[in-house]
Amino acid sequence: MATTLISTHAGAEARCDARRGAALALDRFGAVERPELAYTPEVARETAPVYEKVRHIIPPIEWPALAPTIHAINRLKKERNAVILAHNYMTPEIFHGVADVVGDSLQLAIEATRTDAEVIVQCGVHFMAETSKILNPSKTVLIPDMRAGCSLAESVTAADVRGLRERNPGVPIITYVNTSAAVKAECDICCTSSNAVQVVESLGVDRVFLIPDKYLAANVARQTSVEVLTWDGACEVHERFTAQELRDYRRIDPDVKIIAHPECPPEVVAEADFAGSTAHMINWVKTRRPAKVMMITECSMADNVASETPEVEYIRPCNLCPHMKRITLSKILDALVEMKEEVLVDPDIAARARTAVERMINLKS
Ligand code: SF4
């Protein structure tokens, strides 16, 4: 198995693209005035329904500081003909306050193909914004902070994939959606944690590569007779959970239900009552309505789903994703005011990456 490569080069290129893109996008869309951010009676009234959804997690004293930005973003979104796609790991004020579409990577990728909006603001990490751009080449895709990366996406480069192919001719290469556009362009098909087993089995072969997440690959391998080869990447958030930690929680509270994300190590998944993508975890809680549940994933998940399941008690042994947490309300507002930071993908890379992503989407439908 190859060792992990951390590429800073891709990040530098992305920042360069962002500077070029910001200037171009502002030229195309024109400037708007930065809104006044005051907690007026009108702002209080219009944001009251949002506060109802987040009151379990945001104290009333903090709301006057957040509400004006939420109000301004929702107004500006209309003015800019923009849609906000937000991952399940966004903080509650983003998830419930300004997002038009929420979901896991697969749901956001699919929604990105359905939007009529001219501008997509991706509240998530850079590979998600690239995926939206790949599927919507004519739209303007903005990310509120170009530095929002991902340890999985940074663990593998396009050159690494070409090397894998040379050394393993004929073995299909599936890329988890958490990779750059350049990596997707070198792979046969994409997958998410929702559909990885289905994608592996769809290829009709005995052996595949599923890169770059070694834990997702190991968890998939347990559910299929196909041999699953992988790469040495890992999610820095999910790999920190341990099986011992879960056993300790169960010992303290034997009634708690534990659900885990498949980016966790296999021994952690083995200790859980259920494992699935963020969307599957949310569905599991909404359907089963356990008295007490522990979500073994990023912190904001439990915060976001709690408002829809008030009778469920959440135990929160979560880990924060520092990349997801770069996306804040004030940066979303800046993105819409200044039309930054625009995500650009080389058209040739985008076309090849699109083939891999569309193969996955078509499999789903
Ligand atoms: S939670 Fe893990 S996989 Fe998701 S963006 Fe953060 S580092 Fe990447």
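Backbone N, Cα and C atoms are what each Cβ position is placed from, and that goes for glycine too.
Small disclaimer: the values here were computed from a predicted structure and weren't measured.
Feature annotation from TrEMBL assigns iminosuccinate binding site to H87, S105, Y176, V177, N178, S193, H261, P262, E263, T278. Note on Y176 (iminosuccinate binding site): other Cβ atoms within 10 Å of its Cβ, all shown chains, come to 31. In the three-state DSSP classification, Y176 (iminosuccinate binding site) falls within a strand.
Positions annotated as [4Fe-4S] cluster binding site by TrEMBL: C150, C235, C321. For C321 ([4Fe-4S] cluster binding site), other Cβ atoms within 10 Å of its Cβ number 22. Under DSSP, C321 ([4Fe-4S] cluster binding site) is assigned to coil, being neither helix nor strand in the three-state scheme.
Apart from C150, C235, C321, the residues listed for [4Fe-4S] cluster, the same chain places the Cβ atoms of V125, S151, L152, N178, E236, V237, H238, E263, E298, H323, M324 within 8 Å of the centroid of those Cβ atoms. Per-site Cβ counts within 10 Å over the binding-site residues C150, C235 peak at C235. The CA atom of C321 ([4Fe-4S] cluster binding site) is located 14 Å away from the CA atom of N178 (iminosuccinate binding site). In the three-state DSSP scheme, H87 (iminosuccinate binding site) is classed as strand. Ligand 1 lies under 6 Å from the Cβ of C235, C321, out of the binding-site residues C235, H261, C321.
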